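Everything on this sheet refers to the single structure shown next.
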């Protein structure tokens, strides 16, 4: 029968519950167990799809088209499996479902309340994965911090699940902070004691404490935490700050967290196989080269807005023993100061996805700089659309070419709304979302790095390249190297006579894994390494 692990957080937010959950998933999978992960977010939005990146960070898209929390990206990357829409659920989704049931009369005249109706719906969401995929372990992360009003229904639901499922099938892990007081030179346990007290007042006694800390915990301190938080000494696990998130599974393994879970849940499993992960973690410290990638975006002051892109660049860098330095560049700053001023010292350029007109001309100027100076370039989603606009304006001499998103009256709408998107009223979950097949054209750069004739990639967009201008742009040197099976949607473009100028309509960052970097990121990093090794600036400018 499926066993359940619930991860809560205490003292402060942003402790790394998601990384802890993902790392635990990796450890248990390494022992031959089938693992599923999910995240519950206590906000009232139905999903993060319409939220500002400044509020939420990136929106991570699953293979089946769900717009989810960025922690789902960590889950997929660490356990190296595709998750589904079951991996993320919000308060808004729960309430929407309950209200829909009430309107249909499913509750047969009952007064609909937080308990039992909301909590029952949460419990159904937790156990739904068991019915769909029959995993050995479901790891559920509860967003927010213990003590938040918003999290109370979720905490009550997971409290009830121990009663419903049985004590031998449920385990609670509390991730907490042990702050170091510089003036006193001491680590303090009192915040954790109060956090556990708050959790116990709700009816949940944590089985294991994962203690985030800047300093090593002494045996005396661990014993104190065990005594006052009423957990076994072996269940006090320290998790110091790590140089790389990919070290965290090994740090938890050294603390024997997986063994403690196996013992408590009575799991039967094989010896841990972490050979591949150990090699990955050691590679992080053997990087003997360095390149700089200029990332030109709208939300660069919040790197979490581009989290999967950052991790994908790192994955490719690991394969080439290369450290990736990212130069974060405001697209609007490019408009004011010029592309050459800001990009002259980078080894490669990436324009990520985004929405809205702000900074667009800066991104278009960036694409022009990469094309004219033969700088390795990767455009993603809106990044590809900007590259197309630039090519149409400056190579095809289509004066005023633009996307109908930014200029509905453009004489050359080289990017336009996809069919069926014209009169969409509700913005949530209405884009082209999730995995779609893409056919690759032999003899192209894209085909060379993929090494296959067809692949599947994840999308999140409303606009597409306008096929009306396709032939004219191809006649001027645009290469269409990836296309939908019906031949209608341009998925990947590149340029003739350029060593690496590739752009795609989809989001390759959602398919990259630390042990299997995405081919397009591999191509960008290889191109950047070659570019950096060119003998002089003149040759770079071609």
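Glycine residues also receive a Cβ, built from the backbone N, Cα and C atoms like all the rest.
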Among 39, 162, 222, 224, which is the one Swiss-Prot gives for the UTP site where 13, 188, 189, 190, 191, 192, 193 also bind?
224
Going by Swiss-Prot, 14, 15, 16, 17, 18, 19 bind ATP; tell me which of 71, 80, 100 is listed for that site too.
71
Given that Swiss-Prot annotates 54, 354, 382, 383, 384, 385, 462 as binding L-glutamine, state which candidate in 76, 81, 332, 405 belongs to that site as well.
405
For the binding-site residues listed here, 14, 189, 192, 193, 385, which shows the highest count of neighbouring CB atoms within 10 A?
385
Counting other Cβ atoms within 10 Å of each Cβ, which of the binding-site residues 141, 405 scores lowest?
405
If I take the Cα of residue 18 (ATP binding site) as reference, which of the recorded positions 190, 191, 381, 382, 509 has the closest Cα?
509
Along the region 'Amidoligase domain' (1-267), what average pLDDT does this model show?
96
Compare the C-alpha of residue 381 (active site, nucleophile) with the C-alpha of each of the binding-site residues 71, 141, 188, and give the closest one.
71
Measuring Cα to Cα, tell me the gap between residue 191 (UTP binding site) and residue 15 (ATP binding site) in whole angstrom.
14
Neighbourhood of residue 16 (ATP binding site), C-beta criterion under 8 angstroms, separation at least six:
175, 212, 239, 248
